[in-house]
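Taking it in order: structure first as structure tokens, then the write-up.
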Amino acid sequence: MDSCSLEIANWRNHQETLKYQFDAFYGERSTQQDIYAGSVQPILRHLLEGQNASVLAYGPTGAGKTHTMLGSPEQPGVIPRALMDLLQLTREEGAEGRPWALSVTMSYLEIYQEKVLDLLDSASGDLVIREDCRGNILIPGLTQKPITSFADFERHFLPASRNRTVGATRLNQRSSRSHAVLLVKVDQRERLAPFRQREGKLYLIDLAGSEDNRRTGNKGLRLKESGAINTSLFVLGKVVDALNQGLPRVPYRDSKLTRLLQDSLGGSAHSILIANIAPERRFYLDTVSALNFAARSKEVINRPFTNESLQLHVLAPVKLSQKELLGPSEAKRARGPEGEEIGSPEPTEAPASASQKLSPLQKLSSMDPAMLERLLSLDRLLGSQGSQGAPLLSTPRRERMVLMKTVEEKDLEIERLKMKQKELEAKVLAQEAVDPKEKENCSPTVLRPLSHRTVTVARPLKKAVVMPLQLIQEQAASPNTEIHILKNKGRKRKLESLDASEPEGKAEDCWELQISPELLAHGRQKILDLLNEGSARDLRSLQRIGPKKAQLIVGWRELHGPFSQVEDLERVEGITGKQMESFLKANILGLAAGQRCGPS
Ligand SMILES: Nc1ncnc2c1ncn2[C@@H]1O[C@H](COP(=O)(O)OP(=O)(O)OP(=O)(O)O)[C@@H](O)[C@H]1O
């Protein structure tokens, strides 16, 4: 329609059209330069402000993502153009006499079948993705090559690109079978006081294409790859939806791709999504799906911020004494045998005079920013509560550390209690699923939000264990009866015998106790058959399986083959061990209840 919108026929209703509004729309006549200059180039300057940026090419297989990102020698794409400009910018900004010294490094990786592989070091194995205390995503062990010129970049990038996994499918002779991620880091160091440091990260991502395997003709390995690609793109969609809906849990960890992009999706980056679409009729549904995804992604609001810190050696020029830094007792330990201050050529000044010379910022600069932030918020909290005494920030470092440790421990304890709470909630819900009548009897407090409850809400759970226990109660009524139960020990299931005189609470925890071993085995087999043979729709008939989980299960099955036991569900990305257990319990108890209420 115009440079920001497009309109396509609505396949559901031929009288209507679907209209999409984007920041930019590039038609068939657009050139690589149009896309780069119009949408990508403007974000590069943010890297020099210490902010992150990312560009993702998304779309169905064969629609031109690699062409857009890499291009050809005649029509270079986003990656070579961005690198050329960024290196030029950093040379200008980092020139002698300018306030900041700049350096650029590059890393290049692919996510292939949920493995993170270093393309600059083909010998490296699957790398782990971690998050630091400030929420930055890191990949320890990933190669970083310093680059100062475009020739440097090409020297590393071109051979590494050949390491990328590609393969022929019916729709693309050189189809990318992995998500390729080029990471370019710009580090800045201020040449004069206060010697600030900044880091800006640029992710340039060529995503693997979503694939309809009926059309790609994928089989064997291609089908497995396709399963991994579709699952991770599905999770990407889930993340975008969760961000749009403001859900408390965004499932970043459900795939390597979204985990890696955690600080670029709804995080601190300037993000651009390029949705590649193919205008041919046979790609119509792929086009609608890519446009819908792009429209949803456009709603995500990122909040870019500057990654800035102060260099530690800044403390020497301001003559900060060891005592100021460490507190009196640690300063003593840090002194040499003659009492001279280690690492300080200047004579020691009295703490009072030293501190008078320091601005508050300089004093705080010695601290880990995360800790500083927490201390500030604690100080604010104490202030708002009218607490007496010195604020935390002016207590000596050692005491501060002790206080921080206590706070951390309390946090961990709260987290542990929250987990316990969730576990109990899951049990209550499982029980409700089994016996709706009991649900009516349950106290309404069971469904109150977490914050309104105390941590000991086990009582409704106890009350909810009614129907399936009948069998046990019958058996327990006869003295000296031994009941066989299946007890969870780690992942191994062990047959143990439990004396009927076991305390009631223990019997309650072992829900398998509530049904006969035959019924249990039958239920497990029925669920396993459904997991292996059911369509996404069939899977939704299971308790605790919604449309998204059903899709994840189908994706996993495509990738890894049939489940050998129900517990394998835990291996599906996005399904935790706890969820698997609560799934097993709800379904088996549900089946058992069905059998008991049946015509027999
Ligand atoms: N705008 C374009 N101009 C010229 N050729 C193009 C254009 N877009 C794509 N192509 C060509 O179409 C073919 C498929 O494109 P490409 O490999 O970039 O698709 P893709 O979306 O990356 O696919 P996959 O997801 O399977 O990796 C390539 O041969 C590419 O050169």
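Each residue, glycine too, has its Cβ placed from N, Cα and C.
Quick caveat, the model's predicted, so the values are computed rather than measured.
Some features that TrEMBL has for this protein:
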type	residues	note
BINDING	GLY59, PRO60, THR61, GLY62, ALA63, GLY64, LYS65, THR66	ATP binding site
COILED	407-434	coiled coil
COMPBIAS	342-364	compositional bias 'Low complexity'
DOMAIN	1-300	domain 'Kinesin motor'
REGION	326-364	region 'Disordered'
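Locations of recorded TrEMBL features on the structure.
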residue: GLY59; record: ATP binding site; Cβ neighbours (10 Å): 26
residue: PRO60; record: ATP binding site; Cβ neighbours (10 Å): 25
residue: THR61; record: ATP binding site; Cβ neighbours (10 Å): 25
residue: GLY62; record: ATP binding site; Cβ neighbours (10 Å): 23
residue: ALA63; record: ATP binding site; Cβ neighbours (10 Å): 25
residue: GLY64; record: ATP binding site; Cβ neighbours (10 Å): 17
residue: LYS65; record: ATP binding site; Cβ neighbours (10 Å): 25
residue: THR66; record: ATP binding site; Cβ neighbours (10 Å): 25
Mapped onto three states, the DSSP assignment of LYS65 (ATP binding site) reads helix
